[in-house]
């Protein structure tokens, strides 16, 4: 990431085709050592490309990635999922009832003033 950021800094600073020397100079200014293999890889991937286009492509790819930890699961129509789903639903209702009871007992913070 540091190499990409340095490349972008150089490109946004007016250098349309930053070299390894340019990127190393940026990294050295903040005390970061450069790995030549990774640096060469970044330069070869980005060299000759329009930075705005690369950023736009990246934003498009990030938009397609699910975020927030939500799991997207879909059952195929006509599958056995609804029949199998009734047992976990009943267990889930029992868990909810137990959870509600425990929440009520926690309202008084365990002191039981009116018990």
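Note: Cβ is positioned from N, Cα and C throughout, glycine not excepted.
The structure displayed is predicted, hence computed values, not measured ones.
The N-acetylmethionine annotation in Swiss-Prot covers 1. The phosphoserine annotation in Swiss-Prot covers 17, 19, 79, 86, 102, 105. Taken from Swiss-Prot, the feature N6-acetyllysine covers 21, and the record attributes it to similarity to another entry. Feature annotation from Swiss-Prot assigns N6-succinyllysine to 21; the stated evidence is similarity to another entry. Under the heading compositional bias 'Low complexity', Swiss-Prot lists 76-90. According to Swiss-Prot, the feature region 'Disordered' maps to 76-115. The compositional bias 'Basic and acidic residues' annotation in Swiss-Prot covers 91-101.
Just so you know, the Cβ of residue 19 (phosphoserine) picks up 13 other Cβ atoms within 10 Å once every protein chain is counted. The Cβ of residue 21 (N6-acetyllysine) lies under 8 Å from the Cβ of no residue that sits 6+ residues away along the same chain.
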